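According to Swiss-Prot, the protein has these features:
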- 30-52: transmembrane segment (TRANSMEM)
- 57-79: transmembrane segment (TRANSMEM)
- 81-88: motif 'NDxxDxxxD' (MOTIF)
- D84, D88, D205, D209: Mg(2+) binding site (BINDING)
- 99-121: transmembrane segment (TRANSMEM)
- 131-148: transmembrane segment (TRANSMEM)
- 155-177: transmembrane segment (TRANSMEM)
- 205-209: motif 'YxxxK' (MOTIF)
- 205-209: motif 'DxxxD' (MOTIF)
- 227-247: transmembrane segment (TRANSMEM)
- 250-270: transmembrane segment (TRANSMEM)
- 293-313: transmembrane segment (TRANSMEM)
Amino acid sequence: MAVASSTRPSQKQSTSKLQPWIQLTRVRKFAGTMVLFWPFAWGLTMAARALLLPVQTFGTILACGFFASCLLHSAGCIWNDILDQDFDRQVERTKSRPIASGAISNTGALIFMFAHLFILMGMIWTSNSLAWMIGIISIFPLPGIYPLMKRITYWPQAWLGIALNTGIVMAWAYTTGTYPTSSIVLSVGAWAWTIYYDTIYACQDKKDDINAGVKSTALLFGSYIKPVLSLFGSIIVGSLLISGILNNQELPYFLVSVGGGGLHLATQLWQVDLDTPKSCWNAFHSTAFNFGAIVWAGLLLDYAWAVGVGAIM
(Lines of atoms letter the chains of each structure in order from A and count residues from 1; the text may use other names and numbers.)
(Lines give C-alpha, C1' and ligand atoms only; values in the text may rest on other atoms or scores of the structure.)
Protein backbone atom coordinates (compact mmCIF):
# COMPACT_ATOMS: atom_id res chain seq x y z
CA MET A 1 0.00 0.00 0.00
CA ALA A 2 2.85 2.34 0.79
CA VAL A 3 4.31 1.85 -2.67
CA ALA A 4 0.96 2.47 -4.36
CA SER A 5 0.27 5.62 -2.38
CA SER A 6 3.74 6.99 -3.05
CA THR A 7 3.21 6.78 -6.82
CA ARG A 8 -0.06 8.69 -6.83
CA PRO A 9 1.43 12.19 -6.47
CA SER A 10 3.89 11.58 -9.32
CA GLN A 11 1.09 10.19 -11.50
CA LYS A 12 -1.04 13.24 -10.81
CA GLN A 13 1.92 15.51 -11.52
CA SER A 14 2.59 13.77 -14.85
CA THR A 15 -1.07 14.06 -15.79
CA SER A 16 -1.15 17.75 -14.91
CA LYS A 17 1.92 18.36 -17.08
CA LEU A 18 0.24 16.64 -20.02
CA GLN A 19 -3.03 18.55 -19.71
CA PRO A 20 -1.88 21.74 -21.52
CA TRP A 21 -0.58 19.67 -24.44
CA ILE A 22 -3.80 17.70 -24.65
CA GLN A 23 -5.76 20.95 -24.52
CA LEU A 24 -3.54 22.45 -27.23
CA THR A 25 -4.31 19.64 -29.69
CA ARG A 26 -8.11 19.81 -29.03
CA VAL A 27 -8.27 16.01 -29.06
CA ARG A 28 -11.19 16.23 -26.65
CA LYS A 29 -13.08 18.50 -29.03
CA PHE A 30 -13.55 16.01 -31.81
CA ALA A 31 -15.90 18.12 -33.90
CA GLY A 32 -12.93 19.87 -35.52
CA THR A 33 -11.46 16.55 -36.61
CA MET A 34 -14.78 15.41 -38.04
CA VAL A 35 -15.27 18.47 -40.27
CA LEU A 36 -11.87 17.60 -41.78
CA PHE A 37 -12.60 13.90 -42.05
CA TRP A 38 -16.09 13.96 -43.56
CA PRO A 39 -15.11 15.60 -46.88
CA PHE A 40 -12.37 12.99 -47.32
CA ALA A 41 -14.81 10.20 -46.45
CA TRP A 42 -17.40 11.59 -48.89
CA GLY A 43 -14.86 11.87 -51.72
CA LEU A 44 -13.37 8.45 -51.04
CA THR A 45 -16.75 6.72 -50.89
CA MET A 46 -17.86 8.38 -54.13
CA ALA A 47 -14.63 7.21 -55.76
CA ALA A 48 -15.03 3.73 -54.28
CA ARG A 49 -18.53 3.47 -55.72
CA ALA A 50 -17.40 4.64 -59.16
CA LEU A 51 -14.37 2.31 -59.20
CA LEU A 52 -16.06 -0.58 -57.35
CA LEU A 53 -13.06 -0.39 -55.02
CA PRO A 54 -12.46 -3.55 -52.96
CA VAL A 55 -13.83 -3.20 -49.43
CA GLN A 56 -10.48 -3.94 -47.77
CA THR A 57 -8.74 -1.26 -49.83
CA PHE A 58 -11.54 1.19 -49.09
CA GLY A 59 -11.35 0.51 -45.35
CA THR A 60 -7.57 0.90 -45.22
CA ILE A 61 -7.58 4.24 -47.05
CA LEU A 62 -10.49 5.45 -44.91
CA ALA A 63 -8.65 4.62 -41.67
CA CYS A 64 -5.52 6.42 -42.88
CA GLY A 65 -7.64 9.43 -43.81
CA PHE A 66 -9.16 9.53 -40.35
CA PHE A 67 -5.75 9.43 -38.67
CA ALA A 68 -4.47 12.16 -40.99
CA SER A 69 -7.52 14.29 -40.15
CA CYS A 70 -6.72 13.97 -36.44
CA LEU A 71 -3.13 15.07 -37.01
CA LEU A 72 -3.99 17.93 -39.36
CA HIS A 73 -6.68 19.26 -37.03
CA SER A 74 -4.29 19.26 -34.08
CA ALA A 75 -1.50 20.90 -36.09
CA GLY A 76 -3.91 23.57 -37.33
CA CYS A 77 -5.10 24.30 -33.80
CA ILE A 78 -1.52 24.67 -32.56
CA TRP A 79 -0.64 27.09 -35.37
CA ASN A 80 -3.86 29.02 -34.86
CA ASP A 81 -3.15 29.39 -31.13
CA ILE A 82 0.40 30.61 -31.78
CA LEU A 83 -0.77 33.36 -34.13
CA ASP A 84 -3.94 34.24 -32.22
CA GLN A 85 -2.57 34.31 -28.68
CA ASP A 86 -3.00 38.08 -28.34
CA PHE A 87 -6.59 37.85 -29.59
CA ASP A 88 -7.27 34.83 -27.38
CA ARG A 89 -6.34 36.74 -24.24
CA GLN A 90 -9.14 39.22 -25.02
CA VAL A 91 -11.87 36.62 -25.57
CA GLU A 92 -13.55 34.99 -22.58
CA ARG A 93 -13.90 31.56 -24.25
CA THR A 94 -10.24 31.36 -25.35
CA LYS A 95 -8.18 33.25 -22.76
CA SER A 96 -7.31 30.04 -20.87
CA ARG A 97 -5.81 28.30 -23.92
CA PRO A 98 -2.30 26.98 -23.14
CA ILE A 99 -0.29 29.43 -25.25
CA ALA A 100 -2.43 32.45 -24.39
CA SER A 101 -2.22 31.63 -20.68
CA GLY A 102 1.55 30.97 -20.80
CA ALA A 103 1.31 27.26 -19.95
CA ILE A 104 3.15 26.35 -23.17
CA SER A 105 5.88 28.40 -24.87
CA ASN A 106 5.87 29.32 -28.55
CA THR A 107 9.01 27.23 -29.10
CA GLY A 108 7.49 24.15 -27.50
CA ALA A 109 4.30 24.58 -29.49
CA LEU A 110 6.21 24.92 -32.78
CA ILE A 111 8.24 21.75 -32.13
CA PHE A 112 5.04 19.88 -31.29
CA MET A 113 3.33 21.17 -34.44
CA PHE A 114 6.20 20.18 -36.74
CA ALA A 115 6.15 16.68 -35.25
CA HIS A 116 2.54 16.40 -36.45
CA LEU A 117 3.45 17.75 -39.89
CA PHE A 118 6.38 15.37 -40.41
CA ILE A 119 4.10 12.40 -39.72
CA LEU A 120 1.57 13.75 -42.21
CA MET A 121 4.26 14.17 -44.87
CA GLY A 122 5.39 10.61 -44.26
CA MET A 123 1.86 9.36 -44.84
CA ILE A 124 1.67 10.86 -48.34
CA TRP A 125 5.32 10.20 -49.28
CA THR A 126 4.59 7.25 -51.59
CA SER A 127 1.41 8.61 -53.18
CA ASN A 128 1.16 9.63 -56.84
CA SER A 129 2.31 13.09 -57.93
CA LEU A 130 -1.15 14.69 -57.97
CA ALA A 131 -2.09 13.35 -54.54
CA TRP A 132 1.32 14.46 -53.23
CA MET A 133 0.82 18.00 -54.53
CA ILE A 134 -2.70 18.26 -53.09
CA GLY A 135 -1.47 16.80 -49.80
CA ILE A 136 1.36 19.32 -49.46
CA ILE A 137 -0.99 22.22 -50.21
CA SER A 138 -3.44 20.83 -47.65
CA ILE A 139 -0.77 20.52 -44.97
CA PHE A 140 1.09 23.82 -45.36
CA PRO A 141 -0.18 26.97 -47.14
CA LEU A 142 -3.95 26.53 -46.89
CA PRO A 143 -4.33 25.99 -43.12
CA GLY A 144 -1.24 28.08 -42.41
CA ILE A 145 -2.69 31.25 -43.92
CA TYR A 146 -6.16 30.92 -42.38
CA PRO A 147 -5.44 32.58 -38.99
CA LEU A 148 -4.14 35.66 -40.82
CA MET A 149 -7.39 36.01 -42.76
CA LYS A 150 -9.26 36.96 -39.59
CA ARG A 151 -7.17 40.12 -39.49
CA ILE A 152 -7.72 41.31 -43.06
CA THR A 153 -11.15 40.16 -44.24
CA TYR A 154 -14.67 39.48 -43.00
CA TRP A 155 -14.58 36.30 -45.10
CA PRO A 156 -12.02 34.10 -43.26
CA GLN A 157 -14.58 31.29 -43.42
CA ALA A 158 -14.29 31.33 -47.22
CA TRP A 159 -10.57 30.54 -46.97
CA LEU A 160 -11.24 27.97 -44.25
CA GLY A 161 -13.72 26.32 -46.60
CA ILE A 162 -10.93 25.76 -49.12
CA ALA A 163 -8.46 24.57 -46.47
CA LEU A 164 -10.75 22.03 -44.83
CA ASN A 165 -12.26 20.41 -47.91
CA THR A 166 -9.30 19.45 -50.09
CA GLY A 167 -9.89 15.93 -48.79
CA ILE A 168 -12.54 15.41 -51.47
CA VAL A 169 -10.16 15.83 -54.40
CA MET A 170 -7.34 14.25 -52.38
CA ALA A 171 -9.36 11.04 -52.05
CA TRP A 172 -10.02 10.92 -55.79
CA ALA A 173 -6.42 11.80 -56.66
CA TYR A 174 -5.03 9.15 -54.31
CA THR A 175 -7.23 6.39 -55.72
CA THR A 176 -7.33 7.37 -59.41
CA GLY A 177 -4.51 9.85 -60.08
CA THR A 178 -7.06 12.45 -61.20
CA TYR A 179 -10.29 14.10 -60.05
CA PRO A 180 -13.60 14.31 -61.95
CA THR A 181 -16.07 17.16 -62.27
CA SER A 182 -18.29 15.56 -59.63
CA SER A 183 -15.53 16.03 -57.03
CA ILE A 184 -15.26 19.74 -57.85
CA VAL A 185 -19.02 20.18 -57.55
CA LEU A 186 -19.04 18.36 -54.22
CA SER A 187 -16.12 20.54 -53.07
CA VAL A 188 -18.19 23.66 -53.76
CA GLY A 189 -20.92 22.27 -51.54
CA ALA A 190 -18.43 21.38 -48.82
CA TRP A 191 -17.02 24.92 -49.05
CA ALA A 192 -20.53 26.31 -48.51
CA TRP A 193 -20.98 23.87 -45.62
CA THR A 194 -17.86 25.24 -43.92
CA ILE A 195 -19.15 28.81 -44.21
CA TYR A 196 -22.49 27.60 -42.84
CA TYR A 197 -21.20 25.87 -39.71
CA ASP A 198 -18.26 28.19 -38.98
CA THR A 199 -20.49 31.26 -39.16
CA ILE A 200 -22.70 29.64 -36.52
CA TYR A 201 -19.57 28.78 -34.51
CA ALA A 202 -18.30 32.37 -34.75
CA CYS A 203 -21.60 33.68 -33.36
CA GLN A 204 -20.42 32.46 -29.94
CA ASP A 205 -17.80 35.24 -29.81
CA LYS A 206 -19.43 38.14 -31.66
CA LYS A 207 -19.13 40.67 -28.85
CA ASP A 208 -15.57 39.74 -27.90
CA ASP A 209 -14.51 39.62 -31.56
CA ILE A 210 -15.68 43.20 -32.12
CA ASN A 211 -13.57 44.38 -29.17
CA ALA A 212 -10.54 42.32 -30.24
CA GLY A 213 -10.73 43.35 -33.90
CA VAL A 214 -11.34 39.80 -35.17
CA LYS A 215 -13.32 39.65 -38.43
CA SER A 216 -15.81 36.94 -39.40
CA THR A 217 -18.89 36.25 -41.50
CA ALA A 218 -20.89 36.25 -38.26
CA LEU A 219 -20.19 39.98 -38.00
CA LEU A 220 -20.46 40.60 -41.74
CA PHE A 221 -23.91 39.06 -42.13
CA GLY A 222 -25.24 40.95 -39.10
CA SER A 223 -28.99 40.59 -38.62
CA TYR A 224 -29.30 38.66 -41.91
CA ILE A 225 -27.33 35.62 -40.78
CA LYS A 226 -30.17 33.10 -41.07
CA PRO A 227 -31.33 34.21 -44.56
CA VAL A 228 -27.73 34.15 -45.81
CA LEU A 229 -27.07 30.76 -44.23
CA SER A 230 -30.22 29.40 -45.85
CA LEU A 231 -28.67 30.41 -49.19
CA PHE A 232 -25.48 28.52 -48.36
CA GLY A 233 -27.61 25.58 -47.24
CA SER A 234 -29.24 25.56 -50.67
CA ILE A 235 -25.79 25.51 -52.29
CA ILE A 236 -24.84 22.52 -50.14
CA VAL A 237 -27.93 20.51 -51.06
CA GLY A 238 -27.68 21.53 -54.72
CA SER A 239 -24.07 20.39 -54.93
CA LEU A 240 -24.94 17.06 -53.32
CA LEU A 241 -27.65 16.58 -55.92
CA ILE A 242 -25.54 17.55 -58.95
CA SER A 243 -22.40 15.67 -57.87
CA GLY A 244 -24.53 12.59 -57.27
CA ILE A 245 -25.99 12.78 -60.76
CA LEU A 246 -22.53 13.26 -62.28
CA ASN A 247 -21.16 10.27 -60.36
CA ASN A 248 -24.14 8.05 -61.29
CA GLN A 249 -25.20 7.62 -57.67
CA GLU A 250 -28.43 5.71 -57.09
CA LEU A 251 -31.53 5.86 -54.89
CA PRO A 252 -29.94 5.32 -51.43
CA TYR A 253 -27.70 8.35 -51.93
CA PHE A 254 -30.45 10.68 -53.10
CA LEU A 255 -32.82 9.64 -50.31
CA VAL A 256 -30.36 9.70 -47.42
CA SER A 257 -27.54 12.08 -48.37
CA VAL A 258 -29.49 14.68 -50.35
CA GLY A 259 -32.93 14.39 -48.74
CA GLY A 260 -31.79 13.60 -45.20
CA GLY A 261 -28.94 16.10 -45.30
CA GLY A 262 -31.20 18.88 -46.54
CA LEU A 263 -33.80 18.15 -43.86
CA HIS A 264 -31.12 18.21 -41.16
CA LEU A 265 -29.80 21.62 -42.27
CA ALA A 266 -33.28 23.14 -42.52
CA THR A 267 -34.30 21.87 -39.07
CA GLN A 268 -31.05 23.02 -37.50
CA LEU A 269 -31.21 26.52 -38.97
CA TRP A 270 -34.80 26.87 -37.78
CA GLN A 271 -33.95 25.85 -34.21
CA VAL A 272 -30.58 27.53 -33.53
CA ASP A 273 -30.54 30.73 -31.45
CA LEU A 274 -27.62 32.70 -32.85
CA ASP A 275 -27.55 35.04 -29.85
CA THR A 276 -27.01 32.19 -27.38
CA PRO A 277 -23.46 30.76 -27.34
CA LYS A 278 -24.58 27.35 -26.05
CA SER A 279 -27.14 27.02 -28.84
CA CYS A 280 -24.48 27.97 -31.40
CA TRP A 281 -22.07 25.39 -30.01
CA ASN A 282 -24.75 22.69 -30.04
CA ALA A 283 -25.62 23.50 -33.66
CA PHE A 284 -21.96 23.43 -34.72
CA HIS A 285 -21.43 20.15 -32.88
CA SER A 286 -24.53 18.67 -34.52
CA THR A 287 -23.55 19.59 -38.05
CA ALA A 288 -19.97 18.42 -37.49
CA PHE A 289 -21.13 14.97 -36.43
CA ASN A 290 -24.69 14.41 -37.63
CA PHE A 291 -24.81 16.15 -41.02
CA GLY A 292 -21.50 14.66 -42.06
CA ALA A 293 -22.65 11.21 -40.96
CA ILE A 294 -25.98 11.51 -42.79
CA VAL A 295 -24.27 12.40 -46.07
CA TRP A 296 -21.73 9.61 -45.62
CA ALA A 297 -24.41 7.07 -44.69
CA GLY A 298 -26.14 7.63 -48.03
CA LEU A 299 -22.84 7.31 -49.88
CA LEU A 300 -21.94 4.15 -47.96
CA LEU A 301 -25.32 2.56 -48.67
CA ASP A 302 -24.91 3.37 -52.34
CA TYR A 303 -21.41 1.88 -52.35
CA ALA A 304 -22.84 -1.28 -50.77
CA TRP A 305 -25.61 -1.22 -53.38
CA ALA A 306 -23.02 -1.04 -56.16
CA VAL A 307 -20.53 -3.67 -54.98
CA GLY A 308 -23.13 -5.96 -53.42
CA VAL A 309 -24.17 -6.02 -49.78
CA GLY A 310 -22.39 -9.34 -49.33
CA ALA A 311 -19.05 -7.72 -50.07
CA ILE A 312 -19.61 -5.12 -47.32
CA MET A 313 -20.85 -7.65 -44.78
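All residue numbers here begin at 1 and follow the chain in the order shown.
Placed from the backbone N, Cα and C atoms, the Cβ positions cover glycine too.
Long-range contacts of the transmembrane segment (250-270) within the same chain: residues 196, 226, 229-230, 233, 236-237, 240-241, 244, 283, 286-287, 290-291, 294-299, 301-302, 305-306, each at least 6 residues beyond the stretch ends and with a Cβ under 8 Å from a Cβ of the stretch. Most Cβ pairs under 8 Å to the transmembrane segment (30-52), among the stretches 99-121, 131-148, 227-247, belong to 227-247. Here the transmembrane segment (155-177) does not lie next to the transmembrane segment (227-247) in space: the count of CB pairs under 8 Å, restricted to residues six or more apart, is fewer than 3. Over all protein chains present, the Cβ of D205 (Mg(2+) binding site) has 22 other Cβ atoms lying within 10 Å. Within the chain, the transmembrane segment (131-148) has long-range Cβ neighbours (under 8 A, six or more residues past its boundaries) at 72, 75-76, 79-80, 83-84, 117, 120-121, 124-125, 156, 159-160, 162-163, 166-167, 169-170, 173-174, 177. Away from its own ends, the motif 'NDxxDxxxD' (81-88) comes close to residues 24, 94-95, 97-100, 106, 109-110, 113, 147-148, 150, 212-214 of its chain (Cβ-Cβ under 8 Å, at least six residues beyond either end). The motif 'DxxxD' (205-209): residue composition by secondary structure is 5 helix, 0 strand, 0 coil, according to DSSP. Excluding D84, D88, D205, D209 themselves, the residues of that chain whose CB lies within 8 A of the CB mean position for the Mg(2+) site are, in sequence, F87, Q90, V91, R93, T94, K150, D208, A212, V214.
Outside the transmembrane segment (227-247), and at least 6 residues removed from its termini, the chain residues within Cβ reach (under 8 Å) are 46, 49-50, 180-183, 185-186, 188-190, 192-193, 195-196, 199-200, 221, 253-254, 257-258, 261-262, 265-266, 269, 295. Remark: secondary structure over the motif 'NDxxDxxxD' (81-88) totals 7 helix, 0 strand, 1 coil, with classes taken from DSSP. Counting every protein chain shown, 22 other Cβ atoms lie within 10 Å of the Cβ of D88 (Mg(2+) binding site).
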